[in-house]
Amino acid sequence: MGTGASKTHSTKMENVGGNKGRGTVIPNCSASTLPDNTAIRQQMVQANPEHEEISEDIEQMVQIAPRHQKSEQRNLQAGMQITLETEDVSVTFESFQHQSGALYTCFTQNGKRMYFDDEKGIVPFPQEFYSQGKFLDTHDELGMISDDIGQDTNYDPSYLENDRTNSISIPGKGTVMTYIFEERINVCKYYDNDSDAWLILPLLWEMNLDFILHRVQQVKEALPAITDFKEILAALRLCNYDPDEVISVFFAMFGDSLQSNINGQQNFEPIALQREISKKDKEIEVLKKKLQEGESELETLRLKCKYFEEEKRHLVQQAESLYEKVAELQSDQEKYLHEISEIKCKNIQITDKLDSYTPLNKDLLMKMLRETHELSISNDKLRVLATSGLSEIGLSMEHLRSMVMNVHKTTKEIQEIRSLYQREAMERKLLYNQLQELRGNIRVFCRCRLDDRKGEHLEFLSEEELAVNCNGIKKRFRYDQVFLPQCTQEDVFEGTLPIIKSCVDGYNVCILAYGQTGSGKTYTMMGTEQKPGVNIRSIRELLRTCREKERIKYVIRISMLEIYNEGLWDLLSEHRNKQLEIRSQGKVVTLPGLTEMEVLTENDIKRIISFGEKNRTVASTKMNTESSRSHLIVIFTLNGIDTISGVASSSTLTLCDLAGSERIAKTEATGQRLVEAAAINKSLTALGQVFTALKTNALHVPYRNSKLTHLLQPSLSGQAKACVFVNISPDVKDIGETVSSLQFGSSIQQIALGKPTPQSSTIKLGH
Ligand SMILES: Nc1ncnc2c1ncn2[C@@H]1O[C@H](COP(=O)(O)OP(=O)(O)OP(=O)(O)O)[C@@H](O)[C@H]1O
């Protein structure tokens with residue numbers, strides 16, 4: 001049970017049971033929902049005979065439950081809340097912070113408060129503790145932000161509905177009527193008589209309306225750092241003119257950096273940065289397009305070149321064969337000419353003796369003369385052909401030469417565009433990191449499980465906002481991103497990609513999945529064989545990015561461990577029964593003896609993770625037989641060394657599939673399960689405390705209150721980037737847990753870890 005869950009319990013206790021006592025057990029369970037309480041009783045009695053009395057109380061509580069439940073049901077109006085509560089044994093956990101710094105998980109039954117002691121088990125809460133510490137009111141500490149966001153009813157009554165009607169004088173139009181529409185596009189419009197239609201009122205004119213002025217003023221007063229009224233008005237339009245929502249939007253977007261700007265600074269960096277980033281994005285887009293065009297032009301030119309080279313080769317071959325033929329013909333011609341001249345020289349003798357020659361010799365001579373003549377003609381033709389072929393080859397060569405010049409020019413241009421693109425991309429990355437710093441380095445995402453049973457109680461308002469209708473009250477929650485049930489594993493991974501990439505740049509990165517059992521934490525982190533989750537995709541991305549960086553040689557190692565009942569177990573060790581210990585020196589956390597395995601391929605990861613999973617303690621509970629009652633932590637360590645400069649870097653990517661945050665009652669937990677639930681409650685409460693301390697910039701952040709937070713210290717302190725998935729169930733019967741998880745998530749939404757810096761090393765494993 002998490003901190004958020006505790007809050008829900010106490011709220012419901014007041015609503016349903018009417019019992020205002022903190023942590024008092026509401027005996028509204030039926031005996032059948034708590035079948036075996038003897039285990040708790042035995043455990044308590046064994047630990048201390050005085051507990052006999054207390055365990056009897058538990059017994060009594062179970063027996064009187066049906067009666068009490070009936071009377072409560074009579075008194076309450078029908079509704080979802082009642083159904084939920086009557087199903088459960090509402091064992092309510094509280095967290096007590098002792099002055100020594102220790103955090104205890106307590107529960108109260110029939111007015112007797114008990115607590116879980118790490119050594120003694122379940123023991124009565126000592127009287128002297130009341131003056132030595134305080135109970136943590138997680139409702140106030142963690143729930144308040146989301147409650148504020150959820151309040152829709154905070155309007156000044158004078159601004160209700162009819163104040164949306166107004167009039168304004170516009171030059172050339174005279175006095176026109178205005179009305180703030182609440183439809184699809186929430187902008188103020190005026191009625192234009194000429195066109196007989198409602199037209200959008202320009203921003204500058206809209207500023208003259210009292211309705212608007214008042215709201216802009218309200219936002220300005222709350223956030224003096226935002227000076228641009230157009231910015232405020234645009235935000236108001238988007239938020240249906242709700243100044244509270246605009247303020248939360250600005251806070252959600254810029255968080256603590258906004259507060260640091262409140263004291264007088266005129267320029268508001270995040271807005272400027274964001275503009276700069278979108279400008280850069282556009283420039284990058286244009287460059288990308290140019291690059292693509294250039295590359296395709298280059299490709300065409302290359303193809304043309306290839307074609308012409310082929311053509312040239314062909315023509316040269318033709319020319320060579322023509323030259324050969326010409327040479328042959330020339331030698332023939334010479335031969336014949338020689339023969340003719342010989343014949344001519346002897347002509348007189350021939351003429352004289354012609355009569356004495358046989359007619360056959362005379363015919364032969366005439367034939368030879370004819371052939372010689374024909375050969376001479378074809379020789380001339382061939383010479384013409386060879387000359388034109390050669391001139392064609394010359395032209396083609398010329399063309400080819402100019403093409404090659406063009407290719408060189410285009411290649412140079414492409415190189416320039418490429419380097420410009422790289423520069424812009426680098427600048428964008430720097431700006432993104434700057435924006436991250438200003439926004440804080442925790443991203444909080446909400447993911448709703450895919451389920452046919454999605455009730456009407458969940459409303460997805462935008463990519464960043466969702467609302468839960470709970471007992472007629474609409475609570476709104478804002479996140480960095482809300483993933484709808486139909487969002488794929490790819491969509492979800494896309495959201496975490498920038499954070500994961502920064503691990504290669506030397507930042508410690510942590511990704512956590514929080515939510516009740518069955519809400520999809522394991523699906524998000526581990527996924528299935530066909531649809532792998534964040535774990536496999538992250539390592540795939542890390543391996544790919546590391547391969548791209550030719551200069552740097554990386555070694556990636558994986559460790560896998562489980563936190564069960566506040567004990568740390570190495571899941572990759574052959575000796576499953578060996579507990580690990582956390583040691584810390586300053587900010588460096590070490591886990592001596594933890595197994596680390598080197599990873600070279602994605603298949604290595606799959607093999608190692610499935611080995612670790614086999615080792616995992618999976619306890620079956622009534623809700624989900626696969627339900628895990630422990631935190632699963634996978635740690636990737638990245639050690640890089642620059643092969644040229646010799647600079648070494650080290651960072652970690654920590655992936656946590658947290659145990660279910662639901663109330664213990666739903667799991668019908670008894671005995672061992674009760675102890676497990678208390679350990680989970682303790683660690684999730686401690687996680688909430690850490691986030692609260694970070695949010696309030698407390699001098700001391702209580703990382704050591706649980707093994708979970710102690711281990712995650714390097715990933716949740718100033719030098720890290722974190723991402724929290726709040727997994728929720730769409731099932732209406734889980735509405736209580738859903739609200740609780742959402743409250744937890746929105747309370748950490750506005751936390752900045754501080755200025756992150758690339759690591760030299762923080763988590764050291766296996767030493
Ligand atoms: N987005 C989703 N799309 C499809 N199936 C999902 C989705 N989310 C969860 N599931 C399915 O719902 C079931 C419960 O999810 P999962 O085991 O991940 O919950 P969990 O929060 O990790 O529970 P536990 O605390 O017990 O580990 C699984 O069968 C899982 O495959």
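Note that Cβ sites are derived from N, Cα and C of the backbone, with glycine treated the same way.
Where the annotation comes from TrEMBL, it is an automatic prediction and has not been curated.
Keep in mind that this is a model prediction, so the values were computed, not measured.
Per TrEMBL, the stretch carrying the note region 'Disordered' among 1-30, 601-630 is 1-30.
Highlighted in sequence order, R449, A513, Y523, G660, N727, S729 have their Cβ within 8 Å of the centre of the Cβ atoms of G515, Q516, T517, G518, S519, G520, K521, T522, the residues recorded for ATP, and are not part of that set. Sorted by the number of other CB atoms within 10 A, the binding-site residues G515, G518, G520 start with G518, the lowest. Under 8 Å, Cβ to Cβ, and six or more positions away along its own chain, Q516 (ATP binding site) finds G660, S661, E662, N727, I728, S729, D734, E737, T738, S740, S741. In the three-state DSSP scheme, Q516 (ATP binding site) is classed as coil. For the binding-site residues T517, S519, T522, the greatest number of Cβ atoms within 10 Å around a candidate Cβ is found at S519.
K521 (ATP binding site) falls within a helix when secondary structure is assigned with DSSP. Taken together, the residues in the domain 'Kinesin motor' (441-751) have a mean pLDDT of 84 on the 0 to 100 scale.
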